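Database features, via TrEMBL:
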| type | residues | note |
| --- | --- | --- |
| TRANSMEM | 20-45 | transmembrane segment |
| DOMAIN | 36-298 | domain 'G-protein coupled receptors family 1 profile' |
| TRANSMEM | 57-82 | transmembrane segment |
| TRANSMEM | 94-115 | transmembrane segment |
| TRANSMEM | 136-158 | transmembrane segment |
| TRANSMEM | 184-211 | transmembrane segment |
| TRANSMEM | 245-269 | transmembrane segment |
| TRANSMEM | 281-301 | transmembrane segment |
Amino acid sequence: MDNMEQSLFRKVDVPDHAHYIVACFVLVIGAVGVGGNALVMYAFFSNKKLQTPPNYFIMNLAVSDFLMAITQSPIFFVNCLYKEWIFGETGCKMYAFCGALFGITSMINLLAISIDRYVVITKPLQVLHWTSKRRTTGIIVIVWLYSLAWSLAPLLGWSSYIPEGLMTSCTWDYVTSTPANRSYTLMLCVFVFFIPLGIISYCYLCMFLAIRTASRDMEKLGSQVRKSTLIQQQSIKTEWKLAKIAFVVIIVYVMSWSPYACVTLIAWAGYGSSLSPYSKAVPAVIAKASAIYNPFIYAIIHSKYRDTLAVNVPCLHCLGQPPRKDCISVSNSESSIRDSMLSRQSSISKTKFYRVSSMSTRDTVSCCGRCGLRARCCMI
C-alpha cells in the first residue's frame, strides 16, 4: 500500500517556476471566485426583491461556485508551493470529491437556468405553474442529488480519485485504462457535459427564434394599429440582448470545460501516455476558473445586483446607476412580445390582442416602478 501511494503521489520532473506560475493563477482564481460569488450571495440575501424563483437558480450557481473556489484554490495553491501533493490519500479523495460535486452542480445548474428561461419565454401560459418557489426549490434539490451521485461513484468503486497534472491537485482517474475508469469517463462526459450542452444550445436557440418571431409579429401589428416605433426598436434591442446573453453563456461554458473534456477523452481513447503533465494541468486550471465567470455573467452585470451592492458596500458605490427611462421602454417591449406569444397560443384575434397588450404594458410599467415580478427589465 505504501509503494502504491508513493507511486500515485510522486513528484513530476518540471521546473519549479511551473508550479509557481500555476500557483499565481490559482490564487487569482480563488480570490476572485470567493469574493465575486460572496458578493452575489450578499446581494441576494440583503435585497428581498431579488429573492424570486428565477433568481434562486442564480443564487444556487453562486453557492456552488463559491464552494468550488473556497475548497479547491487554497489547497491547490499550497500544493503548488510545495511542488507536490501533501495532504495524503484521504485528502486527495475529499478534494477531488468536492471539486466534482461543486463543478457538476454548476454545470447542471446552468442547464436548469436554460430550461427555466426556455419555458418562461416560449410557453408563457405555463409560467405561473412553472416559476413557483416550491417547484424551483425542488429542481435545485434534484440538481444537487444528480451531482452528488456522480461525485460519490469514484468513492464507491466506479473509477477512483488520484492526483493529476503536476501532482498538485486531484480528480477522477481518467488515465489508467481499466473498464471501470473508461466507462466512468465516457458516461461522465456524455451526461454531464455533452448532453447538457446540447440541451442548453437547443433552449437558447428556441428562445431566440421565439423572440425574433414575436418581434416580427409586433412590427406587423404596429403598422396596422399604429404602434409607436420606439416599442418596435426596443423589441429589436431585447432580441439582441437575449442573443448576446445566450452567446456569452454557451461560449464561456464551452471554453471552460471543453479542454478538460478533450483531455479526458484522449486518455479514454488510449492515448493517455502521450499527455504531458502540462497538458493535464492547464485544462484543470481553466475548468476551475469557471467559478469566476458565472457571477459576472448572471449577477454582477445585472442592474438590480449592481444597485444593491452599490447601496450596501461603500467601496462599490460606483456600480450604482441612476434610474433610466429605458427601463420602462424595455418593459413595454418585452410585455408586448410576451403578449404576442400569448396571442398566438390562445388564438386571440389581433384586435383583442391589442387591448391585452395595452393593458399588460400599463400593468408592467406600474410594476416596474415597484420592482415587481412582472417587470421583465428587472431580470436578465
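In case you wondered, yes, glycine gets a Cβ from its N, Cα and C as well.
Within its own chain, the transmembrane segment (184-211) is flanked in space by residues 104, 107-108, 110-111, 114-115, 117-118, 121-122, 150, 153-154, 158-159, 172, 174, 238-239, 242-243, 246, 249-250, 253-254, 257, 261, 264-265, 267-268, 337, 341, which lie at least six positions past its ends and keep a Cβ under 8 Å from the stretch. Within its own chain, the transmembrane segment (136-158) is flanked in space by residues 53-54, 56-57, 60, 93, 96-97, 100-102, 104-105, 108-109, 112, 116, 172-173, 180, 183-184, 188, 191-192, which lie at least six positions past its ends and keep a Cβ under 8 Å from the stretch. Of the recorded ranges 20-45, 94-115, 245-269, 281-301, the transmembrane segment (57-82) has the largest number of C-beta contacts under 8 angstroms with 20-45. Proximity of distant same-chain residues to the transmembrane segment (281-301), defined by a Cβ-Cβ separation under 8 Å and at least 6 residues beyond the stretch ends, is recorded for 22, 25-26, 29, 32-33, 36-37, 39-40, 43, 58, 61-62, 65-66, 68-69, 72-73, 76, 99, 103, 106, 110, 113, 164-166, 168-169, 171, 245, 248-249, 252-253, 255-257, 259-260, 262-263, 380. Long-range contacts of the transmembrane segment (94-115) within the same chain: residues 57-58, 60-61, 64-65, 67-68, 71-72, 75, 87, 139-140, 143-144, 146-148, 150-152, 154-155, 161-162, 169-172, 192-193, 196, 199-200, 203-204, 249, 253, 257, 287-288, 290-291, 294, 298, each at least 6 residues beyond the stretch ends and with a Cβ under 8 Å from a Cβ of the stretch. A Cβ distance under 8 Å defines the sequence-distant neighbours of the transmembrane segment (20-45), meaning residues of its chain 6+ beyond its ends; these are 51, 55, 58-59, 62-63, 65-66, 68-70, 72-74, 76-77, 80-81, 166, 168, 281, 285, 288-289, 291-292, 295-296, 299-300, 305, 308-309, 312-313, 316.
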